[in-house]
Amino acid sequence: MAHDVHTHVKSQTEYEYKRRRSANEMRGQLTTFAIMIFLTLIAFTAVYAGFSPNLVVPIILLLAVIQVILQLYYFMHMSHKGHETASMFLYSGVIVGLITVLTFVTIVWW
Amino acid sequence: MDLNTKYTPQSWPDHPENSTLEGKNKFVGFWLFLGGETVTFASLFATYLALKNKGPSGMEFTTQGLFELPLVFIMTMLLLTSSLTSVYAMYHMKNYNFKAMQAWLMVTVLLGAAFLGFEIYEFSHYVHLGFTFNQSAFSSAFFILVGTHGAHVLVGLGWIILLMVRNAKRGLNLYNAPKFYLASLYWHFIDVVWVFIFTVVYLMGVMG
């Protein structure tokens, strides 16, 4: 367990660069949030408008998938470097999950 | 890793969540856990989809009769906003601003608690109508799916509160930074699951 953590004290320029970069990233996160709110509003409105379910269901499912991708890649930082193993674990779960859903909706009847 | 090392905003690493071996291990382990959670929720969704609106003959409960979208909309906005506030908390964590991080985590906890309050209200409303856990295959599948999510919200709230209280006087260091980071990942994951719940259970349910 005992291992050294290298401490690097940033110069003023490096520090200001870091602060600016992370402020920029936070602005991006706010944009992501605005898009997610917008997608949610579209989904609820589409259902309220009372179009045919055959049209609305694929649309709201697509909106949900987009929103989840935004959440994973921006809010949960999967777009950052060093998330290869994380992606492998998550996508393995997603594949098993999709097969499970597909199986249950096709072979279970009442 | 020396817990007594004091950092300044200038010496705080760019990625405090995985700049120690322990932090790296936690990070990998936690994503493995999230992969497993994905399978858990997928199997509950699969069960729900297979048993939706199914029950004893003459059952009067249907998704169209039960669900009320305004309530679900408010809950969605609360949870989505709490996801953003925990992003703010991690923004301040990376800037080594402990007080701002705690403040945003507090906002996250309050929003999450409000969400949970609405969910408890919703469930007790259904139970009053006679739509109880063992009323039908549909009711069991519904309560297990949405209830497991609610239990995750409860665990997330407890986790974040414990972290805030335990570290209140300690401030940020490389030992607790990964803990805060993972709690926020967990909170985002709860929102990821909710996106599918409001779409698949409520929106698709109202349409029939």
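Quick reminder: no glycine exception, Cβ is built from N, Cα and C everywhere.
What TrEMBL says about a protein is an automatic prediction, not a curated fact.
Database features, via TrEMBL:
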- B:1-206: domain 'Heme-copper oxidase subunit III family profile' (DOMAIN)
- B:28-51: transmembrane segment (TRANSMEM)
- B:71-91: transmembrane segment (TRANSMEM)
- B:103-121: transmembrane segment (TRANSMEM)
- B:141-165: transmembrane segment (TRANSMEM)
- B:185-205: transmembrane segment (TRANSMEM)
Compute the average pLDDT of the predicted model within the domain 'Heme-copper oxidase subunit III family profile' (B:1-206).
95
For the transmembrane segment (B:28-51), distant same-chain residues with Cβ under 8 A (at least six beyond the ends):
137-138, 140-142, 144-145, 148-149, 182, 185-186, 189, 193, 196, 200-201
What residues in the same chain, six or more past the boundaries of the transmembrane segment (B:103-121), come closer than 8 Å to it by Cβ-Cβ distance?
71, 74-75, 78-79, 81-82, 85-86, 88-89, 92, 146, 150, 153-154, 156-157, 160-161, 163-164, 180, 187
